[in-house]
Number of protein chains: 2
Amino acid sequence: MEKKVSASVINRLPRYYRYLTDLLSSGIERISSKELSERMHVTASQIRQDLNCFGGFGQQGYGYNVKSLQSEIAKILGLDRGYTAVLVGAGNMGRTFAINTKFESRGFRLIGIFDTDPKKIGTTLTRYTIMDYKNIKEFIDTHHPEMAILAVPKQVIHGVAEELIGYGIRAFLNFSYTELSTAEDVAVENVHLSDSLMRLSYKLLEHDQNEDKKQESEV
Amino acid sequence: MEKKVSASVINRLPRYYRYLTDLLSSGIERISSKELSERMHVTASQIRQDLNCFGGFGQQGYGYNVKSLQSEIAKILGLDRGYTAVLVGAGNMGRTFAINTKFESRGFRLIGIFDTDPKKIGTTLTRYTIMDYKNIKEFIDTHHPEMAILAVPKQVIHGVAEELIGYGIRAFLNFSYTELSTAEDVAVENVHLSDSLMRLSYKLLEHDQNEDKKQESEV
C-alpha cells in the first residue's frame, strides 16, 4: 500500500469491512455499488468515491467482487496481520466487549483476560479463564501480544498503560472514559461512548429543524 | 445556525466539547489555538479550520473565549435542548454506560432505566431504580423522553425500536452490536465497538510501517 488513504475514508472502512463480511457469509460474491448503497444507507457515489481510490474494483456492469474488496480492506486496516490482544479489566465494559466482539472474524486473536479483583480471577468469561493482573508481565514475555484493550477505571489508566508499554505493548484500545496519551510510537484509540450521545443529539436536532421548516412552509 | 457544517467537523465537535468543558471546570477562560492543539494532540491549523467556520471566535492575540466557544458548540450539537433519554437494558453495556456517562454535563437528562429481567427490576443502578420494561409505554406517555439508549440483545433490537417509535421515541443510541435502520424521520446512532479495534489496527500498522522504513534507511 503506497497510496495514502484519507483519514475520513479510513474511519469508514471498518463499516464496509463488516458489511462485506456479512455478505460473504450469506454467500454473496458480487455486488453493485447501488445494492451496497441501499444496504448501507449511504449514497452510491460515496461508496464509489471511498472504494475506488484503492484499486479498480468496481467494474461497469459487474460491480464489486466482495471477496477481493474485503481482503483489500483487511490489508489496509492490518487485519491480515493476525494481531493478538489482551484484555485488561473484566468489569461491565470488559465483559460486554469480550462477549460481543467477533475477534476472529475481524482478524484478531484475544489471547488473555486479566483483572486485579480476587473475586474475578479464576472465573471464566466466554472461553477464557480470567488471570491475575500481577502475572501479566510473564504472560506478555511468553506470548508477545501487540495490543491491550484497557477497560480499567480512569484513575489507573495512565499507570497501567505505562507499565504495559514497559512490557512491550505497542497499541491500546482505551475504554476508560478518559483520554490516554502516550509516547508517539505507541498507537492509541480512545473510545468515548458519550461522544456518540452528542452525535445522536445533533441528528435529532437536524430532524427537528427539518420538521419545523416543513411546518412553516405548510402555513 | 444557517451555515451547514461538514459531517467530519460534526464528528469532531463532541471531542472539542469535552475538552472545553474540562477547561472551564479548571477555571480556564481563554485559550490559544496553539495551547488547545497541544492538549488535544491535533494541529493548530486543524483547530482553526474546524472552529473558525462557525463564528469569529479565534481573535489574533486573544485566542478563544472558552465559554462562548463551548456554548456555540453546544447549540450546534443540540446540547442546549435538554433532551431527555431512557436507557433500555441494564446488562453489562447498559450498566457501564449509565455509571460512567456524565449526562448532565453533556446536556442530557437520563430519566429512567428499564429491563425485562425480574432479578434486575427494583434494584438500583447509580441513582435510578430499574423499572419493568412492560411499563415503559406509561412512562413515555407521562414523561415524553425524546431518546432511547438501547443496550439490548441484537436479536430483539428491531422489535424494541419499532415498539418505542410507536410510543413516540424519535432517536436511538444503539449499543446492540448490530445495525439498526428505521424510518427516515427517526435519528439513529449505531455504535460499533469492534470498529474501534479495526481503527487501532490501522494505527498500529502505520507505526510498524514507519518503523520498517526507518530501519531500511538505516541499513
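Backbone N, Cα and C define each Cβ position, glycine as well.
Curation does not apply to TrEMBL; its annotations are automatic.
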Residues flagged as DNA-binding region in TrEMBL, choosing from A:15-54, A:55-94, A:175-214: A:15-54
Cβ-Cβ neighbours of A:Met93 (NAD(+) binding site) (radius 10 Å): 27
Count of other CB atoms lying within 10 Å of the CB belonging to A:Gly89 (NAD(+) binding site): 28
Helix, strand and coil totals (DSSP H, G, I; E, B; other) for the DNA-binding region (A:15-54): 28 helix, 2 strand, 10 coil
Residues from the binding-site residues A:Gly89, A:Ala90, A:Gly91, A:Met93 that lie close to chain B, Cβ under 8 Å, in sequence order: A:Gly91, A:Met93
